[in-house]
Structures are given as C-alpha cells and as structure tokens.
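As recorded in Swiss-Prot:
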DOMAIN    55-218  domain 'SIS'
ACT_SITE  Glu83  active site, proton donor
ACT_SITE  Glu114  active site
Amino acid sequence: MNLGTLVSETRNPQTMDLDALPTPELVKRFNEQDTLVAEAVKATLPDVARAVDAAAAALKSGGRIIYMGAGTSGRLGVLDASECPPTFGVPHGLVVGLIAGGPGALLKAVEGAEDSQQAGEDDLVALNLQEQDLVVGLAASGRTPYVIGGLRYARQSGCTTVAVSCNPDSPIAREANIAISPVVGPEALTGSTRLKSGTAQKMVLNMISTGAMVKFGKVYQNLMVDMKATNVKLVDRACRMVVEATGIGREEAETLLKQTDFEVKPAILMALTGLDAAAAREKLAAHQGFLRAALEH
C-alpha cells in the first residue's frame, strides 16, 4: 500500500502555513479542523449502533470487549477500557485494551511493534480469546499489521469483529464484520493522526462502551448507577444520584447508602419501593441488574 495516498497522510491545504502563523491564528486553525470531526463521526452512526449492539451482546453472553491498536489508537483503547470499572462497576478484564508492544508502549513508543501481524494474534491468544468476545481493531490509517493480524485471528475464532479507521475502504475494514470509518480529512499537521483521527476514534469508543453498558443494565435514566464510590467525590455523587432519582432528602439518601455499602442501585430501589437492602439486591438480581425493570415489575 502506498501510504502517501491515504487521506490521513495527505497535506491539508488549510494549514500549509502553520509555521508562519501568530499563536491566536494557529490555534484557530486547529479548532476549525476539529469542528469537522463530529460531522464525520455522525456519518458513521448506523455502523456505531451496530457495534454497540454487538458489544452489548458480547457482554450478555459472558464475553468481553477487547480493543487493540498501536500508538495513539492503542492508547485510546486502553484509556476507554480502564475507565469502565470505576464508571460502571464492572470487573477489570471485562473491557480490555491491547497496545502493540505491550504496556510499556503506553508511555514510550516501541519501534516496529505495530508491524507484526503475528503479534496481534499472539496477544489475543494470551488473553484466551473466546468466540463470545467482541474484538475492536483501531487504526487511523486502517492498515496497521498488528491490528490486521488480530482481527483476522478473531474472525477465524468465531468472534464478532469491529474495525475503526479514518480512511475509507481500509484493509482493517475488510477484516471486520462491522466497519466504522469517520473520514475526518487531512490532519492540520500532516500525518499526525493523534489529532482529528484520534478525536474521532475517542468519540466512537465513548459511544461503544457507554452504549453497551446502558444495554447491560449499568445505567438508570442517565445516571451511572453501578459506579464504585471509591473516594469522597464519588461518595457525594452517589448520594446526589439517589436524591435525583428518587426525590428523597440527602440525609435519607446517606442512610440508605450506608445500608447498601454505597451501592446506588439498591439504595434507589429501597427508596422507591420500601424494600430492605437484601430484598432490593434480590429483586435486582432477578432482573439481571436492570433497575428500571426491577422498578416496573
């Protein structure tokens, strides 16, 4: 593949004079380019929705969401995966981020790590990949060998696969069941795909993980009711969520949360139904953790 023909590698005619611009104009040019990202992502929403449903199906069948990428793309996957346990109360390892070159590549580039298809396969083998897992390959260029190797192995293993790229009709798209390709155009700094391409990938990952967790029962209304209250700020947020979801006073909310070890869902159910903590947990379990279903039945 001639990399120079990739949209993400071409020069942007709107930013040819970056090195001659005064600072206010310099940052204005970057901002003008960033405004294009949301529209590019909007054009991919039908495919993002398919990925959300596939991610939720993986979780409901006992599988995992596995992101894999190199460089910025890999770091974004690790970032999204690492936020899921504190945000949604899921165990570490339910959403996994793999980066070419291993964890050390998060802080320092590992030269050449992305160039091996076998490394992508090996990293999935090391995770004991199962067919109920969803594998999401991330590559702004759409041609990273590490990601191609991983997606190919995942598909051969019976997994549903998703490719996220910022170039149309990319090699990784051809390896995936679902292709998400927000074409954001040439970067303000030629080839620096940590810019618009990275922003677009982050937006897509936000929707995949959050949407999947909504459909996995981790959200009530728009509240992260399975959040782990692990510090003072989050204990306060837990209390506010109970108040906002039920209309009770803060003091009563705090009393209920103490009875549930600061778990928000059973506290809300207790406030709205009069159940005690044990009965509230039992009812939630009977409805697979979906608070709305527990309240309505």
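Indices start at 1 and increase along the chain as displayed.
Positions of Cβ are set from backbone N, Cα and C atoms, glycine also.
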Residue among the active-site residues Glu83, Glu114 whose Cβ has the most other Cβ atoms within 10 Å
Glu114
Between the residue listed as 'active site, proton donor' and the residue listed as 'active site', what is the CA-CA distance rounded to a whole number of Å?
24
Which of the three DSSP states, helix, strand or coil, fits the residue listed as 'active site, proton donor'?
helix
